[in-house]
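J.: According to TrEMBL, the protein has these features:
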DOMAIN    A:25-298  domain 'Gcp-like'
BINDING   A:His106, A:His110, A:Tyr127, A:Asp291  divalent metal cation binding site
BINDING   A:Tyr127, A:Val128, A:Ser129, A:Gly130, A:Gly131, A:Asp159, A:Gly174, A:Glu178, A:Asn263  substrate binding site
Amino acid sequence: MGFEGSANKVAVGVVSHTGDILSNPRKTYITPPGTGFLPRETAEHHRQVILDIVQQALDEAGIAPSDLDCLCYTKGPGMGAPLVSVAVVVRMLSQIWKKPIVPVNHCVGHIEMGRVVCGAMDPVVLYVSGGNTQVIAYNERRYRIFGETIDIAVGNCLDRFAREIGLSNDPSPGYNIEQLAKKGTKYIDMPYTVKGMDISLSGIETFAKSEARTKIDAGECTAADLCYSLQETIFAMLVEITERTMAHCNANDVLIVGGVGCNVRLQEMMRVMVGERGGKLYATDDRYCIDNGAMIAYAGILAFMEGQTATMAETICTQRYRTDDVLVTWRKDK
Amino acid sequence: MGKRGFVDKHNASGAEKQQKQVDIIEKLGGYDNLVSQGAEGRVFAVKFCGRDTIVKQRFKKTYRHPTLDTKLTRSRLGMEARSMMRARKLGVATPTLYYVDQQQSAIYMEKVPGKSLKELIREDSMSEKDMEDIGAQVGKAVAKMHDGGLIHGDLTTSNILVRDDDERTVVIIDFGLASNSIIAEDKGVDLYVLERAITVTHSSQALFEHVMTAYRRASSQWSSSFNKFAEVRMRGRKRSMIG
Ligand SMILES: Nc1ncnc2c1ncn2[C@@H]1O[C@H](COP(=O)(O)OP(=O)(O)OP(=O)(O)O)[C@@H](O)[C@H]1O
Ligand SMILES: [Mg+2]
């Protein structure tokens, strides 16, 4: 059983050793338009609903706690208070149910879930979510970060943009941008910054703050045009650094994970690029892309089968936990 | 690209003109001599006016919006040609520029006999001494560019060539992402990209240290660049990474 609560979603999932998902319920803490989620309130939300979600996960899977091998939780990265609110529940359940605990790196959870759901063996991974923007490839027992943002994350950038033009946070700012972008027709020039395999989004953020509203008010373009152009620009940057990493690593396939990875336009652009290189794109829908419990359970069980469990004292959380900090003992290739 | 159905204006007119024009790369037999299929374009080896020549042609990226694509291809082609010459004026070894074909988005330059740093590291054939010497040359070259207000923008080991001569001269290529800037942050990012290229791909910390030692000796502004480099690096380490 896996427990996730590193950001505004709290989720519990049950998976088998082979990656079959038995249940995967989740709840999202949604804030009013124009506001973001704060650590304390988010943790409070998680505390209020998590026990119901645990019960729901057991019921939907049709199992009893005694059927479980281990309890896996997100150790990091993420927001401190929400992470801890979930870890506390896991420690308690571990004592009541007498089950070992396995700490999991959230990013590795996304990668392993994506690999098993899609059947991608050794893809270049684009991990794009609220707080993460990384291009990752596996090499010698680690998921190494080849490209990343040198300032703000893509999801974060989209969220701030949505806030700037007053879009709703329900179900997510990114989803609302995607929907509105479909109505956009005019391409507005925005800052495009690629450096090596890294990108920079601070230029876009400045644009959003200084020009977006004025352009709409002056009737130069609509909010839809801006959403459309924003997606076209940012996603082109993401596809470009993914392609650069592929050329650098001689890889052909791509896996997209993380919340922004549900975006159909991003998937479409990536598919064109990967197709031209003769490779295959692996992408998932919102059940797996968005933070969930099953991904934590699955990455956890891989480590558990390698004998990795944590003592109670080791079941800490850490806000900063790099993807390449994890030694990937369960992969036997190069 | 399906439902969005981009009207391919830039290429429609481009194609018309191309039909009247001769495809020089084809004439030179370039398409049969593919050297590398990079992320941005194809690199061919040809004989041009009797010289061994590299032709780098940027192709259209159909995944991105045509307006954006045209803008990027044009600016990078121009930037590459200009920056190559600027770097050379600053005392950095670069291939000699022969010709720029705007119509074909192709750039013609001297073919440098030798290998890329990436190949050399992969082969594991460099001695301690070679590492030190090549690292020092790289550091010096980057320092010269930075002090002259030129940011390379894509300092990876495949963009650093080592010439097959007695001096084993380091030649810097691929200036498509270059920019003009004297801001320390930009220099810091340039160094950060290089560090990751060397340490993530090759886990070769020693080589990067040689680079930094030489940079420090050669750049008059090393201290502000190093401070920014440390800052950019910490940002990467410490980014809270939520979600
Ligand atoms: N002047 C040159 N002399 C010799 N070899 C060259 C020259 N220019 C390019 N090459 C070879 O071609 C490769 C790709 O060239 P370049 O870096 O300019 O293009 P690119 O499209 O950026 O490729 P990539 O994205 O893979 O780095 C180089 O790594 C090098 O091996
Ligand atoms: Mg290159």
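Every residue gets a Cβ built from N, Cα and C, even glycine.
It should be emphasised that the depicted structure is a prediction, and the values quoted were computed from it without experimental measurement.
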J.: What span in Å does the substrate site cover, taken as the longest CA to CA distance among A:Tyr127, A:Val128, A:Ser129, A:Gly130, A:Gly131, A:Asp159, A:Gly174, A:Glu178, A:Asn263?
T.: 18
J.: Which residue, of the binding-site residues A:Gly131, A:Gly174, has its CB surrounded by the fewest other CB atoms within 10 A?
T.: A:Gly131
J.: Rounded to the nearest Å, what's the C-alpha distance separating A:Ser129 (substrate binding site) and A:His106 (divalent metal cation binding site)? Just drop the number here, would you?
T.: 11
J.: Measure the Cβ-based neighbour count of A:Asp291 (divalent metal cation binding site), defined as the other Cβ atoms within 10 Å of its Cβ.
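T.: Neighbour count, Cβ to Cβ under the 10 Å cut-off: 27.
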J.: Indicate whether A:Gly174 (substrate binding site) is helix, strand or coil by DSSP.
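T.: DSSP call for A:Gly174 (substrate binding site): helix.
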J.: Listed in sequence order, which of the binding-site residues A:Ser129, A:Gly131, A:Gly174 sit with a CB under 8 A of chain B?
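T.: Of A:Ser129, A:Gly131, A:Gly174, the entries that lie near chain B are A:Ser129, A:Gly131.
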J.: Can you give me the average pLDDT across the domain 'Gcp-like' (A:25-298), rounded to a whole number?
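T.: Here the predicted model's pLDDT, averaged over the domain 'Gcp-like' (A:25-298), is 93.
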J.: In whole Å, how far is A:Gly174 (substrate binding site) from A:His110 (divalent metal cation binding site) when you measure between their Cα atoms?
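T.: For A:His110 (divalent metal cation binding site) versus A:Gly174 (substrate binding site), the Cα atoms are 18 Å apart.
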J.: Show which residues of the chain containing A:Asn263 (substrate binding site), separated from it by at least 6 in sequence, have their CB under 8 Å from its CB.
T.: A:Gly174, A:Glu178, A:Gln231, A:Phe235
J.: Fill in the CA-CA distance, A:His106 (divalent metal cation binding site) to A:Gly131 (substrate binding site), as an integer in Å.
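T.: That comes out at 11 Å between the alpha carbons.
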J.: Restricting to the same chain and to sequence separations of six or more, state which residues have a Cβ under 8 Å from that of A:Tyr127 (divalent metal cation binding site).
T.: A:Cys107, A:His110, A:Ile111, A:Thr133, A:Gln134, A:Val135, A:Ile136, A:Val257, A:Gly258, A:Gly261, A:Thr323
J.: State the count of C-beta atoms found within 10 angstroms of the C-beta of A:Ser129 (substrate binding site), not counting that atom itself.
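T.: 28, counting other Cβ atoms within 10 Å of A:Ser129 (substrate binding site).
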J.: Between the Cα atoms of A:Asp291 (divalent metal cation binding site) and A:Gly131 (substrate binding site), find the distance and write it as a whole number of Å.
T.: 12
J.: Quick check: in three-state DSSP terms, what is A:Tyr127 (divalent metal cation binding site)?
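T.: Strand, per DSSP.
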